[in-house]
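Listed in TrEMBL for this protein:
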{"type": "BINDING", "residues": "His181, His230, His295, His471", "note": "Fe cation binding site"}
Amino acid sequence: MGSPIETLMRRTVTKGVEALAAHNRRRLEPPPDGNPFLTGLHAPMDTELTLTELDVIGRIPAGLDGRYLRIGPNPVEADPASYHWFSGDGMVHGLAISEGRALWYRNRWIRSNAVAAKLGTSPAPGPRHIFDTVNTNVVAIGGRSFALVEAGAYPVRLSDTLDEQCYDPFSGTLKGGFTAHPHRDPLTGEHHAICYEGPNPGEIRHVVVDPDGRVVREMPIPVRHGPMIHDCAITARFAIILDLPVTFSMKALIGGHTLPYRWNPDHRARVGLLPRRGTAQDIVWCDAPMAYAFHVANAHDDADGRVVLDLCVYDTMFVEDAPGPDAHSRGLERWIIDPVTRSIDIRSLDAAPQEFPRIDERFFAQEHRFVWTMATPTERDERFIGATRLYAHDLAIGTRAVHEFGPARIPGEFVFVPDAPDSPEGHGHLIGFVVDLAAQTTDLAIIDARHFEDAPVASIRLPHRIPPGFHGNWFAREQVG
């Protein structure tokens, strides 16, 4: 803890930087053809809806009993010159299913202070930490639903109907910001996270949340340059840290850009293997390629003591002052990490551009067979999302199946839901939103994972376009009370 004088000086410098950034933000020029994350496919919704009469094509599997929730950026207001896709006000979409019926659809803005002021309503109660825009993931932790973001803000607890919200640092047990991607170990019920905060570029934290939703570990880890660590992975032995060369950029911040992270060729790329109960001194750091990854599929320990990590990879990211991701995907890769030699063997599993890898999460931190991903455009597309396919990878036999939705029908991330708790791996359904650009409608599509290339077994039709977001999950009724 700094002295009162140090605290005052830090606050004064911060206010000065914020004032300069705000001044320069007003001077930014909008993209000549409009901001691609505010127009067309990405144009925000302008109202909150509650729909109960929903059309269903096909038959909803009787075993699906719960809610599908997905969140993403949906700014109430935005300046096209400075808006970045990752910085938009959060909006969560929910669709409830039971006994083969679609019960309701709702969409609700996360009631940050700024959103509430613009909508003329009350902000969500609860404490704030650094900032309060939450827009990246929705997960079940400790029997409750939480909306999440990285870099500093507290989680937002959501009621079943999404109408009640509360900023909640896990009943006061979380001392700093959280992450957008905690991962649950199905064998212990714990969630593991690697967390960072924008104002504290010299430190990240390994955070563990117990099955009851209380933080039981916050281990600080020193780093350089303020790396943007969007995701992590775990094995039976390790929490895996992706310290890759996208880092905090004071130049971008002062320049008025709302996402102040840029590609940093001077940042050493490395992967850290942190024993799950170890300290920073116990981390095995392994040099990694100069590359970036937003998302992992899974990781596990192999029989030879190595760590096997599957992830979607880019050669670079955020080289330019673009309003969204600006790099071309090099596909799904397997990084085999040897903690003895501290080396990484890189193997391409599929070089086709793709993102949002998901697995049957009953096998998280264990060896897995199947990975499902969303295709991204084969040519650089400033919208980032725009392909019409999903991929299913069978790693046991090295094949890739394709689910094609058809022209102008654009899927987002799909989540796997097992048929039963004890079903074999991959026996279940994939659920996610598909936007029909021509009709300006959205389907919640339900695909039989064992008949992946066939038409969805059911599609729940929504009469409006839901702009692409980030992450969604299935909340079974028995999982969230």
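Note that the numbers count up from 1, one per residue, in the order the chain is shown.
From the backbone N, Cα and C atoms, a Cβ is placed for every residue, glycine too.
Counting every protein chain shown, 23 other Cβ atoms lie within 10 Å of the Cβ of His181 (Fe cation binding site).
Take the mean position of the Cβ atoms of His181, His230, His295, His471, the recorded Fe cation site; other residues of that chain with a Cβ within 8 Å of it are Thr136, Asn137, Ala180, Asp231, Phe294, Val296, Phe470. With a 10 A radius on its CB, His295 (Fe cation binding site) counts 20 other CB atoms from all the protein chains.
Close to His230 (Fe cation binding site) in the fold, though at least 6 residues off in sequence, lie Glu150, Ala180, His181, Phe294, His295, each with a CB less than 8 Å from its CB.
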